[in-house]
Amino acid sequence: MTFHELSLFFDRIEKTPSRLTMTEILAELFTVTNAQEIDKVLYLLQGSVVPLYKKADFGMAEKLLTKAFISGLQIDKKQFDQVYQKNGDLGTTIEELRGSITVIGESDLSIEEVFEKLYKLTQVTGTGSQDIKASIIIELAQSLDALSCRFIARIPTNTLRLGFSDMTILDAFSWMLTGGKTLRKQIEEVYQVNPDLGLLGKTIKEKGIEGLSKIGPVLFTPIIMMKAERLASVEKIMEKVERGIIEPKYDGFRLQIHHNKHDTKLYSRGLDDVTHMYPDIVAGIEKEVTAKEIILEGEAIGYDIQTGGFLPFQETVQRKRKYNISEKVVEIPLRLFAFDILYLNGQNLIHKPHIERRLLLNSTIKVSGDVAVDTILISPLQKMENSHQIEIEFEDAISKGLEGIMIKRDDGPYQPGARGFNWIKYKRSYSSKIDDTIDCLVMGYDFGKGKRSGFGIGAILVGVYDVKTDKFVTVAKIGTGLTDDEWRLMFKKSQVLKSSAKPALYDCDDLMNPDVWVKPEIVLEIRADELTRSSIHTAGRLLKRTKSGGGFEVDVPGYALRFPRLEAIREDKRPTDATSLTEVEEMYVAQKK
Ligand code: ATP
């Protein structure tokens, strides 16, 4: 297939406001794509040349890319600035300018040829690399047609966001095979273990749905992490768990570690490779882990050498940084409490009961057990006995400055990506009526009034994730509780994510439409006093036909956050990691009790 043909699909996807139509277009695209090119098509659809967890670094700022286009197309800089000012977007600017000129030697490059060139952008480094990159862009600008150039301009600048989630792609795989979504669940189970969409697409093309069943955990491909359900009382925990263990809940950050004798990599909740940030953990793993090949998980937390205690989250989080890493290693040393093992020496362990996995974990790490000496420790556990003991363990954890406890069922498998009662979190309850914070996606913002007009942003529309429909539904507009710096940061972050139309994954009442739509990317941790019912928010809202039959009216109102305020920006969460609508419903029920 030519890159131009692919661009026609990109254009159709970009223009459709309907998620269902998007699924159909994607399925059509996958049908006409052959097995050799489908993985490349899938990476390009995501604006990349590698699976998303690998993060393609094109190393091309907008300025360099623009310069290359201007020189390749021999456009006047003034003319460029004029069109750019009118369009406000680099892709359509390049498209318009490319369309107005004829280039001798224009050819139809194949997807593979374009992919190779884009891939090369991520590979060249060092002196002279900027010139090589510019020449690649010049070549593409001269070879490809105007529409293709729109997308070529967006990929290296990380601004190609066609507006679908990975779930839409999984639906489209099913659609291609059956004309419906019947295989989605089966495909999704494999995706949670191996979220390389290119690999999944290629396997389906080559071997059909049966081929997928052979895909299991692969070293250095992060597994989507299992999540815990929250429960607010010991009685409820006892109802859900017959036999289980209690572990401290450390308030740090989660890491999934992949290790063999050649390499060690650390992945965050959002599947980012964060190895370079934590050299002390890498050294600890290389020293203390005895297994040849292993995937394990744990929580990293800052350790206070003076007191022998653990640091609060606000201090631990300072270790998440790109610069001055070695300084911080000394200032805030980390300890990793390993709590699960998913893969060992070629063996997939995710289906094994928790109790067996824990025994295996113990046998793969050589620890002295002294927190002052070891970097890697095994999370201590207690057999769960009765409700009184759960309370004691909980109080004990709190008194040590921890967040609470985790209860894990003995017979529970590791369920990638799922939130279930095999893991339960029991946290300190807060003074507010909601026991926990809610992670919301930024869907848009309003221009500010008064003082905030200076920041360009005055209220942020946020929503939660409805897993069933793969849509984001609104729960609040946040207008207070951010510091001036946070407003500025939110404005800055939103600028590259602006969307001229409502993204297809958003479900929002017209009354709530923000001044500016923001594409799905930023997740905020929000605290609120209470969940209330509201007819203007779409989370959990049901509509019915009006009596006249001409329109719709609210049948069941949605959920809204009362007095929402920002706790943190959750860089480690992907949009679909936002709190789910089901969780909001459960929190609402729990709060009423
Ligand atoms: P969630 O992970 O449920 O989406 P979250 O990121 O806000 O939400 P929490 O509500 O704090 O996290 O609870 C789950 C997290 O607790 C895990 O992702 C992990 O990072 C952390 N954690 C701390 N101690 C443990 C432990 N012993 N076992 C499992 N997870 C633990």
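Cβ atoms are placed via backbone N, Cα and C, with glycine included.
Automatic prediction, not curation, is the source of TrEMBL annotations.
The ATP site in TrEMBL is built from E247, R254, R269, E299, R419, K425 plus one of F339, F455, F472, namely F339. Here the domain 'ATP-dependent DNA ligase family profile' (327-454) has, by DSSP, the following mix of helix, strand and coil residues: 34 helix, 43 strand, 51 coil.
For F339 (ATP binding site), the number of other Cβ atoms no farther than 10 Å from its own Cβ, over all displayed protein chains, is 25. Counting only residues at least six positions away in the same chain, the Cβ atoms of M225, F253, R254, D572, K573, D577 sit under 8 Å from the Cβ of R269 (ATP binding site). Cα of K425 (ATP binding site) to Cα of K249 (active site, N6-AMP-lysine intermediate): a span of 8 Å.
Between the farthest pair of Cα atoms in the ATP binding residues (E247, R254, R269, E299, F339, R419, K425), the distance is 20 Å. Long-range Cβ neighbours of K249 (active site, N6-AMP-lysine intermediate) (same chain, at least 6 residues apart, Cβ-Cβ under 8 Å): A397, L402, E403, G404, I405, M406, K425, Y426, K427. All protein chains included, K425 (ATP binding site) registers 17 other Cβ atoms within 10 Å of its own Cβ.
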